[in-house]
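Undergrad: Sharing the feature lines straight out of TrEMBL:
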- Glu154: active site (ACT_SITE)
- His153, His157, His163: Zn(2+) binding site (BINDING)
- Cys98-Cys253: disulfide bond (DISULFID)
- 57-253: domain 'Peptidase M12A' (DOMAIN)
- 1-17: signal peptide (SIGNAL)
Amino acid sequence: MDTIIIILGATIGIASAVPLGMYKPLPPTPPLSDVSPFENVTAPTCTTMDNVMTIKNGMIAKHYRWKTFNVHPAKAYNQQELQSINDAMHTLSQVIPCVTFGIWPPDSNPTGDYVHIIKGTANGCNSFVGRLGGKQNMNLQSPGCMSKGTIMHEMIHALGFHHEHGRPNRDDHVTILLQNVTPGMEYAFNKLPADQVTAFGVPYNLHSIMHYDSHAFSKNGNPTMRAKNGNPIGSEGVLKESDKKKLKAMYEC
C-alpha cells in the first residue's frame with residue numbers, strides 16, 4: 001500500500017515532465033489510517049453556494065447526478081491535505097460503487113464534469129449542490145476544512161444533498177432559535193419545501209454528517225438550534241447509516 005501512495009505522489013510531483021493530455025483522473029486509494037490528522041481542527045460552519053439544482057417528486061433530476069464524480073484539488077494543497085481528500089473520496093466510493101470516483105492530479109488540465117477544490121485561507125467550507133456541468137468549485141480552506149468528515153460533508157453537497165436540518169420535517173425534530181443567529185446568516189437555517197427535496201424515506205438524524213451543531217453561526221454563544229428530545233445535535237464527522245441510505249437511494253446503488 002505504501003508503494004502505491006508513493007507512486008501517486010511521484011506522479012503528481014512530476015507534472016512538468018508529463019504532457020497534460022496524458023493525465024487521467026486516478027481512483028482514490030484506501031486510507032493509510034482510519035484517523036485523519038486534521039480531525040481536531042475546528043471547521044468553519046458549512047454554507048452552500050447558489051445553485052440551480054431542483055428535486056421534483058421525490059427524486060433529484062437525473063441531469064444533476066454524477067455518473068463519474070471527479071475532483072481536481074488545487075496545486076496549493078500539500079501531500080497530507082491531498083491524502084485527506086483521497087480518503088474522503090475513497091469512503092464515499094465504497095458507499096455508492098455505481099458511481100466512478102476519480103481524482104485529477106493537481107498539475108493536470110481536467111476535462112468533462114468535475115469539482116475544482118480551492119484551498120485559500122479564508123474561503124470557508126462550501127460547495128454547490130448537485131452536478132452543474134463542466135467545472136464547478138468547492139472551497140476547502142486550510143487550516144479549517146481539511147478533516148475527512150468536513151470534506152465528505154462538502155462532497156455530499158456536490159453529490160446532490162442539502163443540509164439535514166433543512167428537511168421539510170425538521171420542525172418535528174429541532175427548534176431553530178433565530179434570535180441567536182449571526183445577522184445575515186439566517187438563510188443557513190431555511191427549511192426547504194417538500195416539493196423540492198426528498199429524504200428518500202430515511203428518518204431524520206440529529207447526527208447526520210449533513211447536520212449543523214447546536215451553536216452553528218451563534219452571535220452570542222447561545223444555541224441556534226435545539227433538539228426537541230433534548231439530545232445533542234450535530235455531525236460526529238462520520239457517515240451515519242442514514243447518510244449512506246440516502247446516497248444509495250439517490251444513485252440507485
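Cβ atoms are placed via backbone N, Cα and C, with glycine included.
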Undergrad: Reduce the DSSP letter at His153 (Zn(2+) binding site) to three states and note it down.
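TA: For His153 (Zn(2+) binding site) - judged by DSSP and reduced to three states - the answer is helix.
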Undergrad: In whole Å, how far is Cys98 (disulfide bond) from His163 (Zn(2+) binding site) when you measure between their Cα atoms?
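TA: Cys98 (disulfide bond) has its Cα 23 Å from the Cα of His163 (Zn(2+) binding site).
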Undergrad: Given the binding-site residues His157, His163, which one has the fewest other C-beta atoms within 10 angstroms of its C-beta?
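TA: Least crowded of the binding-site residues His157, His163, by Cβ count within 10 Å, is His163.
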Undergrad: Out of Cys98, Cys253, which of the disulfide-bonded residues is least crowded by other Cβ atoms within 10 Å?
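TA: Minimum Cβ neighbour count within 10 Å, taken over the disulfide-bonded residues Cys98, Cys253, occurs at Cys98.
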Undergrad: I'd like the number of other C-beta atoms within 10 A of the C-beta of Glu154 (active site), please.
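TA: I get 23 for this one.
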Undergrad: List, in sequence order, those recorded positions among His153, Glu154, His157 whose Cα sits within 10 Å of the Cα of Cys98 (disulfide bond).
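TA: Correct set: empty; none qualify.
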Undergrad: Determine, to the nearest whole angstrom, how far the Cα atom of His153 (Zn(2+) binding site) is from the Cα atom of Cys253 (disulfide bond).
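TA: The Cα atom of His153 (Zn(2+) binding site) is 19 Å away from the Cα atom of Cys253 (disulfide bond).
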